[in-house]
Amino acid sequence: MKSYPNSLFPHLTKRQECPECPVCFNCQLPTNNCANGGVCDPSGACACPAGWGDLDCTQPLCGSLYDTDRPQRKQGEDCACDPGWGGVNCNVCQDDKSCQPFKGSNATCIKSAIGLKSLHAWCATTNIPWIDNTHVSLSCEWEKSECVFQFWKDSEEQFYCELSECTQTTSGDNDVQGHCAKASCGCMKDAFMCGKEVGKLACCVYLVKNVKGPSEWFCKNGKDCWYNEYSTLVSVFPDNIQLACDAGECANEQDFLDADQEFSNYTEMMIIGAIFVACMLLFAITKVTASRQKKMFGTRIELDDDDDDDENMLNHATSTEVALTFADVSYTVAGKPILSDINGYVEPGQLTAVMGPSGAGKSSLLDILSRKHKRGVISGKILINGVSPTRRQFKRMTGYVDQDDSLMETLTVRETLTYAALMRLPRKMPLKAKQKRVEDVIQELGISKIADSKIGMPGQRGISGGEKRRVSIGKELVTSPSLLFLDEPTSGLDAYNAGVVMECLQRLAHEGKRTIIVTIHQPRSDIFKMFDSLMLLASGRLVYFGPAKTCSHYFKNLGFRIPADYNVADYLTVDLTMKRPDDAVTRPTTPMPSSRSQMDVETEPLEEMHAPYTLGNSQHQQDGAGEVNLLADSNHAHFLLDSFYSSGLFQTIENRIGRTTANASDYSVWVDTPGQKESAFSVYQFYHELTLLSSRTFINLYRNPFLFFAHFAFSIVLAVLLGSLFWQVDVDLSGVQNRLGVLFFMCALLGFAATSALDMFNKERILFMRERENGYYSPSAYFVAKVLFDIVPLRVLPPLVMGSISYYMIGLNSALPIFGKFLLVLVLFNLAAAGLCLCFATAFKNLSAANLLANLVILFSMLFGGFLLNKDHIPPMLSWLQHLSFFNYGYEALIVNELKDITLRDKSIADIQIPGPIILARFGFNGQAFWSDVTKLIVFVFATLFTSFLFLKYLVKERR
């Protein structure tokens, strides 16, 4: 091979002259170790703890503890720490301001030596005279139960000890004692005590081989401390190492301080005492309510002379004979005509029927005549004895019975009527007079035999449908109304009960001289004969108004012959107004008779009855084209309208209405003028309504087995079950899991059990709307009574029962104040859940929709409770959602109350003591948040209740 001189390749000469490169640092090799608590990664690099750098974690870092890019200390110099930081490696905070940029605006620098999550201390030795200028540094990570101890001379580290299985116990406010079961030490290369001087290396080797622990330290007031290790160092420092320390730790809102700066025990006992007083007050109110009930529902009633006078005054004031007159009544919804130009009048002592096929406008006309709230546009005139009374005056003299019965199922017939009388009759009227009025109504309706029978509910025997209808009528009769409206009073009743109800109404009209108007669809022949007058509607227009007994004669003269074996009502509502008659029917040239008084038509001379009525100057004749369009494009419909408007019956109606309405204003008088407004809010009236509604609600509560006893039975069974499953939980790590689990399960159980409030209100929704519309009470009185005697008993007593039974079975913190706060949070949490469900119950009339939304919101709240999702790991953009969760407040308060003051011990590997605050911090709970959470729960309860009341007042109204 040919060779070349080295002068031709000078770089090869330089390469040969280069020294050999050192071996790269690899902590996996036996010759390379990670110092000062550093952990060796599989990659061969050391993961250094906070404040340490270089490849082997031997160089202190400067700046501050939370700097992201900290410089290493220069050789032979001390660290230049950022303002507010100290210690050999700038890990010790000096003031609160230095912590706030990293821990938040509420962060504080804890200067006691009591470690929370981590502890950093820089201490000067005071009792080692043979070695001058020595220091000790100590850092602890309590979540790992590990500490690192370093010994320094002239700011140079001499040796370190890595301590494990560490615990701390506190005494007083700022005194702490630490104990570490195991130790492993290492000496720094070329340190003064371990090899820098001849003969010192043996010291380092001795320490590394023999220091095993245990070690211990004690600090008083965070400054005066001592440290020692009892296996080896005690021989070097027999009198302990006396230290003057500067400790510091950044924490949020003084997390987990044993020095409790919250409410004092005295305040806690005051709160518990207030709860006890509230329970006693509730018991006293219950007793008073029971005594009132006994007084109100006495069986034998005797009136003195003064009471007789009061009842006579009531009858005179409310039972004045009234005549109802209405003219040109029209009603449109979204531009569609429902009723058009309805005219008529009803005399006292008459039972008037409004008939017609489905969709003819019967119920709409009845609602308008009774001044119900309608969604559309109403026009026309409606007068009582020729005048237009205010709405309040009108309600005082009228009564309205709906098609469907809305009665409280747990009350008796007498109780139902008594409550109606107590709520609607004048407050100053004596109780005996009101009771006498109830007994008169019972006799008048013929329901004496069932007076003490309960209304009944599905699955429970009660009174019949016809009897319920008569009770509904009785609720209106207790005020002795002069004018009574009934919508389909025979709907849903069998033939017998329908006949009984109509006989009762006929007797009330004829004997009591009341004006009664009913809508009815297709009555039987015997019921049809009970009517004094008849209004027949077709497509929202009036095609007949006159005596019921002569209607067949009227239509016979028009050419509509009713078969002898045919029900007149069926013919009128089906064959006449719904079917087109045979074109071959001959139409008479003689119109029907008029009637100045519908009751004495038969006394009119025959020639006057058949006198023709010319429509040439009539407004209805001028509007004839519109009538055909409103009814339908049908010659038959036009014929019925034209025949009625051309009859003497309509002439009589026109004359009567003309005389009555000559001086009356339009329909706008229904809106009360400022001088006609109802009286202002009365405290006495509110209290009167509240006591009556509270009494009725309480009766309904304890008579309903599901509402009352089932809640308590379930509470007892579940309490025993929970106590058995979680019997006497230990104070180890598994005990932490059980505590977290059982408290979360209690919250979930109470949250979903509160959805029963949805059904409770839904059952009374229709009853509330009708009673409110009829002036029984104000929404505020109903809501307060509902909350006090329905929501509160079912949301306060069951959690108290469940918590009291299960608490000590589970083995939770046995301190009495802790137990009292536990019950307080359970009750507030249950009230919060019930208030939330009540919001949905009042906002949505559809029970299924309300139930679905309530369960979704409860599940959403559960997610942010802190058990399923660590609150510290919620993305910042979504962290605000946790503040909407009542689970967040309730569950955190229960956990903090249970774990804050206990120390957990785990012996699965070694005897490790873990302070409760560390567990709280690990799960993202705020150890100081108990009373703030309680306050937020209280605010949540009142906010949901207030929202529910607004929904009740403005959304739960009768709109037809």
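Cβ from N, Cα, C; glycine included.
According to TrEMBL, the cysteine that forms a disulfide bond with Cys48, out of Cys34, Cys57, is Cys57. The highest tally of CB pairs under 8 A with the transmembrane segment (937-956), across 706-728, 740-761, 782-810, 822-844, 851-869, is held by 822-844. Residues 271-272, 275, 746-747, 750-751, 753-755, 757-758, 760-762, 791-792, 794-796, 798-800, 802-804, 807, 812, 850-851, 853-854, 857-858, 886, 889-890, 893-894, 897-898, 933-934, 937-938, 940-941, 943-945, 947-948, 951-952, 955-956 of the same chain sit 6 or more residues outside the transmembrane segment (822-844) yet have a Cβ under 8 Å from a Cβ within it.
Sequence-distant contacts of the transmembrane segment (851-869) (same chain, at least 6 residues past either end, Cβ-Cβ under 8 Å): 740, 744, 747-748, 751-752, 754-755, 758, 833, 836-837, 840, 844, 881-882, 884-888, 890-892, 895, 923-925. A coil conformation is recorded for Cys57 (disulfide bond) in the three-state DSSP classification, outside any helix or strand. Cβ neighbour count for Cys48 (disulfide bond): 21 (other Cβ atoms within 10 Å of its Cβ, all protein chains included). Remote same-chain partners of the transmembrane segment (740-761), defined as residues 6 or more beyond its termini with a Cβ less than 8 Å from a stretch Cβ, comprise 707, 711, 714, 718, 722, 725-726, 729, 786, 790-791, 794-795, 798-799, 802-803, 806, 810, 826, 829-830, 833-834, 836-838, 840-842, 847, 850-851, 854-855, 858, 861-862, 865, 867, 887, 890-891, 894-895, 898, 923. Non-local neighbours of the transmembrane segment (706-728) in the same chain are 700, 738, 741-742, 745-746, 749, 753, 756, 760, 793-794, 797-799, 801-806, 809-811; each lies 6+ residues outside the stretch with a CB under 8 Å from one of its CB atoms.
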